[in-house]
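Written below as structure tokens is the structure these notes are about.
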């Protein structure tokens, strides 16, 4: 990559952010440029931005995640369920984060071909579904035994390793996790008593002028930037994304790397779920619809390649800010919701097209 293209990849997103911000500043004036609105936009960026930090690792490793929105919805339900059961805010928040990590570990196992892990998850899923449907403990255990035996055959040496496409796996997870979120609350939101978590996304509880959720975003982004750019694991992630076969020949344990990437990446969606709960104040199985597209757009706008091998946490944050500025600016200008959706869709298409153009220029 030439020096000029490297500079453009680093500065291009900042230029785009300044351009979009300036456009809406001219169109809507002080209503858009006020400090209260700037703080609101930072707050609105916290959820998508935190999830996008994790997605940067996934995309840099050559993967994709279409389950972000559903994971966030499931996480809010878990947080609300724990609070409603009497758990403290810290334990409930840890439950939300753990939800994301577990989902990521399962998806990563499927992508890496770890069918033994998938068999265990299938066992747990059958037990949960059977007990929730009221067929009884005996029948539930019987169904679980059948799944366990099949899982041993599939996950053991009697069957070859099956590596699944990240697109297919996360597309399936997108529907399954949303259904699980609805099943936890019987298709209804969960309204637990106030716990103090709501203060994370409240402008009234700020540190140095910024709400706690924004500081959490900055902390996650800072840690992610260090891991991706300055650690052996970060180099392994980029190597796998560039060429998994070559990375394997160089000694990288590709399946383990993929499982860790998805566990940590979707774990960030678990953190985003805690922030989303704090923002809406309830567990909502219908929340975060469409967030996966905003997250992917933020990562690609920030300079990552959908082909893998490249990614920038700083660029991802700028990309997330661009998505927020566009959404907020459309509201301030008075555009209808359907117009905002068209604009967002156009940005996503443009971001993917830009990625294709960059990839074409990088090809000798």
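Backbone N, Cα and C define each Cβ position, glycine as well.
Annotated range for transmembrane segment in TrEMBL, selecting from 207-229, 230-252: 207-229. Pairs of Cβ atoms less than 8 Å apart link the transmembrane segment (90-111) most often to 258-279, out of 66-83, 162-181, 207-229, 258-279.
Per-stretch counts of Cβ pairs under 8 Å to the transmembrane segment (258-279) identify 66-83 as the leading one among 66-83, 162-181, 207-229.
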